[in-house]
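Trainee: First the structure, which I've put down as structure tokens, then a few questions once you've had a look.
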Amino acid sequence: MGENDPPSAEAPFSFRSLFGLDDLKISPVVPGRWSGQLLVLHTEKLANISVLSLCSVHFDCSGKYRCRSSFKCIELTARCDGVSDCRDGEDEYRCVRVSGQSAVLQAFVAASWRTMCSDDWKGLYSKVACAQLGFPSYVSSENLRVSSIEEQFQEDFVSINHLLPDDKVTALQHAVYVREGCASGHVVTVKCTACGRRTGYSPRIVGGNTSTLAQWPWQVSLQFQGYHLCGGSIITPLWIVTAAHCVYDLYLPKSWTVQAGLVSLLDSPAPSHLVEKIIYHSKYKPKRLGNDIALMKLAGPLVFSEMIQPVCLPNSEESFPDGKVCWTSGWGATEDGGDASPVLNHAAVPLISNKICNHREVYGGIISPSMLCAGYLKGGVDSCQGDSGGPLVCQERRVWKLVGATSFGIGCAEVNKPGVYTRITSFLDWIHEQMEVGVAPSPAHTVPGTEPLASSKFPSPAVTSQRVMELSGQRAVIWWLLTVRHLGWKTDESTDNPRCGPGRVALAFRGADGKDGGASPSRERRGSHGGAPMGTDALGVPVCAGRTGQVGAETLWGGRMGG
């Protein structure tokens, strides 16, 4: 399955903004407000995950390229030929790539990917190639013997047309000619950015998993209205990789900030970086598990230091063997249903083959080729709520590469339920295209009612949530149930707020407010309760509810944020 293929599984999803997600690993926290935890209830919800059976008219593009923006099919030779045949010109992007462990440069010419010979190559051309990949400059380029690269890259070649003036070489695919072999016997490798290095590494403390400054310098905290909501990974001074479910329905850039170079969310806040643009994959749907990837573009570039560094993207067609031990990090909960961690944690997790991960006793066939599993089938170590969008990194040749972005899981560290990550190699073309184009492909839709209620009487506290996902026969069930004891709420029943729908109201919970020190919420899971102190703060973001009740312990049925 490629990035343009529909996901193979459908699952329930409720992006409840600051209240956390069910199967997805998200758990917002507010730095400096740890003592005032408020557990907000959402309702019990049952739904199925089932393999999609698509019944539609089949448009046969066999042997051709299908434009994503339409059903138009064009010849493969029309791809990257300098003429925009698709409506939005998409056929003229993604025309160069860096492939394999050797990072050989390739261009899409004459309907296939061809390896670049080093004949007549200049450093200027490396800068052009990196610009086409979305990088502002390049670090280095080298020559490798053809016999030393992977076999699949030794068949088709191109060389630069040395007769072209340098200022005419603005796109490599238009400045080359096809060759059967390289006269020099060498091909070009390109490194576009200095990445994947860290100076803060120290041996892991036995029994501990707290990170140190500069240990994971590409890890960032994505904060919505001041809340840590998700993790992300720095790939350039301007671009952050995260999960689509983190930003879906919360895509207004002005509501987000990015903090880099920090370990503790309780310390004095690190400088916040404004967000200029948010792009989530156009095929991501909130009720599906696939294509869970997004990019954030910062308003200004990060200044790299020992504590802030980019992680390397993997190369096209680069593979990472099953069993390889990689690392995941984040501020997520350290136990299922627990609170998010105030400090950055990390864990070593081995990669698991999709064949094993799709076993009936594990995920029962819902893992697509664009997903990646990592963890221990015996349980005990996993990413958890609050880790969403954060990195899964593997070290290759002393360089750290972004192999996955934390997506979803069943529970946290449960037996036969390893973490599931978005496989970055499946979306490299998409990532580079967004960086090259610089414009979001997602529809510019508006979701009413997603802004917080502005009221000093209802300030925003830290929020956590609990979710459970179970496999039963051929279906997966996601459900959650939290009950909160409260003193009241503020309603928004205006008729011009369609987000909640008929018969539903937008609620903002008010805490004990100093009137009832014994007020506390109760988290309910299969009839088992666990109380937690309720702060005097209130929840300033509205949530839709199907019914209301009187002051006291209240359960909200059908609660859903973002419509």
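Any Cβ shown, glycine's included, is placed from N, Cα and C.
Predicted automatically and left uncurated, TrEMBL annotations should be read as such.
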Trainee: According to the record in TrEMBL, which candidate from CYS73, CYS80 pairs with CYS95 in a disulphide?
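Mentor: As annotated by TrEMBL, the paired cysteine is CYS80.
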Trainee: Please name the cysteine among CYS61, CYS67 that TrEMBL pairs with CYS73 through a disulfide bond.
Mentor: CYS61
Trainee: Enumerate same-chain residues with a sequence separation of six or more from CYS61 (disulfide bond) and a Cβ-Cβ distance below 8 A; give 'none' if the list is empty.
Mentor: CYS73
Trainee: Among CYS73, CYS95, all listed as disulfide-bonded residues, which has the most CB atoms within 10 Å of its CB?
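Mentor: Sorting the candidates by Cβ neighbours within 10 Å, the top entry is CYS95.
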Trainee: Could you give the number of helix, strand and coil residues in the domain 'SRCR' (71-193) as assigned by DSSP?
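Mentor: Across the domain 'SRCR' (71-193), DSSP assigns the residues as follows: 28 helix, 39 strand, 56 coil.
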Trainee: When DSSP is mapped onto helix/strand/coil, what comes out for CYS61 (disulfide bond)?
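Mentor: In three-state terms, CYS61 (disulfide bond) counts as coil.
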Trainee: Can you give me the average pLDDT across the domain 'Peptidase S1' (205-436), rounded to a whole number?
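Mentor: The answer is 89, the mean pLDDT of the model over that range.
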Trainee: With Cβ-Cβ distance below 8 Å and at least 6 positions apart along the chain, what are the contacts of CYS80 (disulfide bond)? List them in sequence order.
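Mentor: Counting only residues 6 or more apart in sequence, the Cβ neighbours of CYS80 (disulfide bond) under 8 Å are ASP91, GLU92, CYS95, ALA107, PHE108, VAL109, GLN173.
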